[in-house]
Structure formats: C-alpha cells, structure tokens
Amino acid sequence: MGITQLVMLLLCGLSLPFCTLSSSHSAEDKLAIARFQQYLKIATAHPNPNYKPAQEFILSQAGSVGINTQVLEFTKGKPLILLTWTGKDPSRPSILLNSHMDSVPAEADKWVHDPIGAVKDNSGNIYARGAQDDKCIGMQYLEAIKRLKSQGFQPLRTIHISYVPDEEIGGMDGSEAFVKSKEFENLHVGFVLDEGQASPNEHYRVFYADRIPWRLIIKATGAPGRGSKLYDNSALENLMKSMEVIGRFRSAQFDLVKSGMAEHGEVIAVNPVYVKAGTPTPTGFVMNLQPSEAEAGFDIRLPPTADPQLVRERISEEWAPAARNMTYELMEKGPLRDIQGHLLLTVANHSNLWWLQFEKAISAAGGKLGKPEILASTTDARFVREKGIPAFGFSPMSNTPILLHDHNEFLNEAEYLKGIKMYIAILEILSSYTETVDDIAHKDEL
Ligand SMILES: *[C@@H]1O[C@H](CO)[C@@H](O)[C@H](O)[C@H]1NC(C)=O
Ligand SMILES: *[C@@H]1O[C@H](CO)[C@@H](O)[C@H](O)[C@H]1NC(C)=O
Ligand SMILES: [Zn+2]
C-alpha cells in the first residue's frame with residue numbers, strides 16, 4: 001500500500017466525503033472511467049485528426065453494448081458513426097444524441113500532463129484535450145445505454161447516437177452534410193441533444209440557441225501623402241474613424257454584460273481580428289508615407305434575437321460609409337431563421353414538451369439546471385435547428401472550471417460518473433413519454 005492509499009484509508013475512516021475519491025468507485029464505474037480515458041487517448045486533434053482509430057473504438061464499444069452501427073462517409077476519410085437503439089414504437093419521432101470526435105490542438109508544453117495522456121491525478125481530475133469538449137458526452141451516452149440495457153429497459157422511441165467529424169472546423173463535411181442527407185431524413189429525428197459547456201457552480205448549463213457568426217472586412221481609401229504632412233481623409237484616418245465608432249458599439253454591448261443586464265450570448269459581439277495597412281519594406285514598413293489603402297477584419301456574433309437588418313444598416317451607414325470612401329464585405333455564415341421562418345432557437349419553457357421532459361429528467365436524477373442560455377459561440381446544433389428540430393446544448397459538468405480549448409482541460413471522474421446518471425434519466429424519460437401539449441394544458445386547467 002502506497003502513502004496515498006494509506007492516507008485515503010485513514011481519511012475514509014474519519015469522514016465520509018473523502019471517500020468519494022477513486023478508491024470507492026464500483027467496478028462498473030472504474031471500467032467506465034477507463035473507457036473514457038481510452039477514448040481520450042485517441043489523437044483526434046486538428047490539423048490531423050485520426051478518425052479511423054476513433055471509429056474502431058466506438059464501433060467496438062457499440063458492439064459490446066449490442067446496438068446497431070453504421071458508418072457514413074460524406075467526405076472520404078471523414079467517417080460519421082451512427083448508432084441506433086430501436087424503440088418499441090419506431091413510428092414516433094426519434095431522439096438523436098450528438099457529439100464530435102475531433103478536437104482543437106493543444107500546446108503540450110503548456111500543460112501539466114500530456115494532453116493525450118488522459119492522466120488522472122490524485123483528486124480524480126482526468127487531463128486530456130477533449131475531456132470537456134466533448135469526448136465526455138460521447139462516452140456518457142454509451143455508458144447510459146449500457147446501463148439501461150442491463151436493467152432491461154426498452155425505449156418507446158428510437159434513440160440514435162452520432163459521432164461526427166470536423167465540428168471544430170465548421171462541420172461542413174460532418175454534421176452539415178449529415179443533416180442535409182437522405183440518411184438523416186430517414187431517422188425521423190424529433191429532438192436532439194448536442195454539446196454544452198462546463199459550469200463553475202452547482203447548476204448545469206443548458207443552451208437553447210447559438211449565436212450566428214458573421215465576418216466583416218472594411219476597406220478605406222484616401223489620398224496618399226508624405227508622412228510629415230497633416231491633411232484630411234487619408235485612408236488610415238478614415239479607417240481609424242470606423243474603429244472608434246465600432247469600438248463604442250462594442251463597449252456599449254459589453255457594458256450590458258458587465259452590468260449584469262445581459263449574458264454574453266445575448267449581446268452582439270464585434271471584435272477586431274486584423275488590421276492591414278502600410279507599404280512593406282524587406283525589414284518592416286515605409287515610415288515616411290501615409291498609405292492610400294487600409295483595411296480591418298471583424299468577427300461578429302449575433303444572437304438569433306437580434307435584428308440583422310439594423311446591424312446591416314449600421315455597417316453601411318456608420319462602420320463603413322461610402323461617404324468616408326469606404327467599402328465593405330459582409331459574410332453572413334448561416335441563417336438567423338429556420339426553414340419555417342422561426343427564429344433559430346429552441347423554446348426553453350413549458351410550451352415545449354421536450355423541455356418539460358428534459359427538466360423533469362435532470363431533477364429526477366438529482367441535478368440542478370441554470371437559466372437556459374444562448375451559447376456565445378457555435379456548435380453543430382445550429383444545423384438541426386435550421387431544419388426546425390428542437391435541440392439543446394448540454395454537457396453535464398457542474399462545479400468544473402470552463403476549460404474547453406484551454407490549457408490543462410480536465411474533467412473530474414466523479415463529475416463524469418454523475419453525468420452518466422443524468423443521461424440515464426434523460427433517455428428513460430425522453431424516450432418514453434407519451435403526454436401531448438394538450439394533456440399538459442388540460443392538467444394546468446384542473
Ligand atoms: C473621398 O475620395 C475623394 C476622391 O479621392 C476625395 O476627393 C474625398 O475628399 C474623399 N472623402 C473622404 C471623406 O475621404
Ligand atoms: C416560451 O418561449 C417563447 C420563445 O422564447 C415565448 O415566445 C413564449 O411566450 C414562452 N411561453 C411561455 C409559456 O413562457
Ligand atoms: Zn465541442
């Protein structure tokens with residue numbers, strides 16, 4: 001027995017809370033954690049995600065659970081793994097649980113443990129790129145199904161699980177291609193759960209919309225001149241005027257967040273990402289010449305509740321006005337409304353039955369939900385929402401620092417195991433409810 005185990009034994013003898021550490025997990029839980037670590041050790045970080053071993057691992061896990069498997073390949077070398085647990089009534093709309101196999105790169109020298117080592121420290125924190133984003137949910141889905149199956153549970157609705165490639169680089173060859181495919185159509189999906197984010201407090205976070213990404217490039221022109229001369233309307237002066245106006249708008253939006261009047265996901269973010277101007281020399285820039293062209297790029301994120309026309313007008317009238325000799329290029333990456341013309345969001349209140357069941361499941365499993373949020377960035381969930389399918393972003397990680405895309409990304413094993421319990425309840429309840437909106441309205445009246 002090592003010192004650590006000895007200390008553990010003593011502490012466990014003294015007080016119960018210490019006993020939640022690894023030594024007290026059941027054999028089943030220990031295996032589940034080992035499988036999570038195994039998945040984390042598969043190198044699927046960009047720019048060279050190795051999807052083949054991930055595919056084989058998922059297929060072997062699904063095989064041991066005993067559910068149907070399919071591999072779809074919309075682009076060569078980018079497999080999408082689809083697992084299916086057929087329900088007792090496959091004619092009902094099905095449930096789809098989505099996660100992505102890829103992850104962003106990690107700078108190994110800035111980590112305390114190897115980012116693909118899945119090292120577990122003494123407090124049960126498992127370190128790896130993808131531990132939070134989002135290999136945790138990919139494995140939790142399967143563990144929940146494994147346990148439900150062993151209890152003899154049979155879902156009424158069919159449950160699908162998808163493992164998609166390329167989420168971190170936009171999802172064109174992954175989720176987007178899948179959601180637009182005949183194969184997806186045939187799944188008759190009624191509800192989707194996709195990734196969410198960790199919560200630093202005891203409340204789980206749930207996301208009902210993503211912000212829509214826009215890209216803006218503004219260009220200014222003006223007469224060139226000597227570096228020494230003071231004159232009006234140089235290209236850089238015109239660009240700086242725009243930077244000031246945009247900067248004021250940015251501050252006003254940020255003030256709403258700082259004052260607590262809005263969450264990050266509820267405001268319009270506009271951030272400068274590059275500035276390009278000047279006349280280059282082999283060692284730097286010409287210093288005695290004011291250039292005739294200048295440009296800047298911005299990353300803009302709009303909540304689906306924002307009025308896009310007002311933003312477009314602001315850009316053409318204030319941020320890049322022709323009167324200041326400016327032009328612009330605006331790339332709107334994705335619609336703000338679904339195919340039926342509704343705002344691109346999933347209703348997160350009692351008028352949505354799926355929400356009602358989801359809330360019920362989380363509380364049945366002893367979890368607490370925070371106020372539903374708009375995600376500040378984007379996920380693959382936007383593709384299904386565009387089709388009018390309700391989707392929530394949810395990764396059950398409470399009391400966990402938000403470390404996606406950061407150094408030292410980790411998830412605690414106890415939190416991971418708690419997450420499996422959440423999915424057991426979610427699948428049990430969401431796959432089997434038969435109430436309709438009318439039943440609930442009727443109950444409310446009584
Ligand atoms: C715009 O360009 C024209 C032609 O070069 C110039 O005469 C005018 O002063 C410029 N106006 C501004 C606001 O930069
Ligand atoms: C539910 O949310 C939707 C969209 O956010 C809203 O239009 C509707 O009024 C809400 N309904 C209830 C019952 O709160
Ligand atoms: Zn992710």
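All positions are counted from 1 along the displayed chain.
Any Cβ shown, glycine's included, is placed from N, Cα and C.
Per TrEMBL, the candidate among His100, His113, His160 that belongs to the Zn(2+) 1 site alongside Asp133, Glu195 is His100. Per TrEMBL, the candidate among Glu168, Glu176, Glu373, Glu435 that belongs to the Zn(2+) 2 site alongside Asp133, His405 is Glu168. The DSSP secondary structure for His100 (Zn(2+) 1 binding site) is strand. Listed recorded positions: Glu167, Glu168, Glu195. The one with the lowest count of other Cβ atoms within 10 Å of its Cβ is Glu168. Using a 10 angstroms CA-CA radius around His405 (Zn(2+) 2 binding site), the recorded positions that qualify from His100, Asp102, Asp133, Glu167, Glu195 are Asp133.
Annotation: His100 carries the greatest number of neighbouring Cβ atoms among the binding-site residues His100, His405 [cut-off 10 Å, Cβ to Cβ]. Here the recorded positions are Asp102, Asp133, and the one whose Cβ sees the fewest other Cβ atoms within 10 Å is Asp102.
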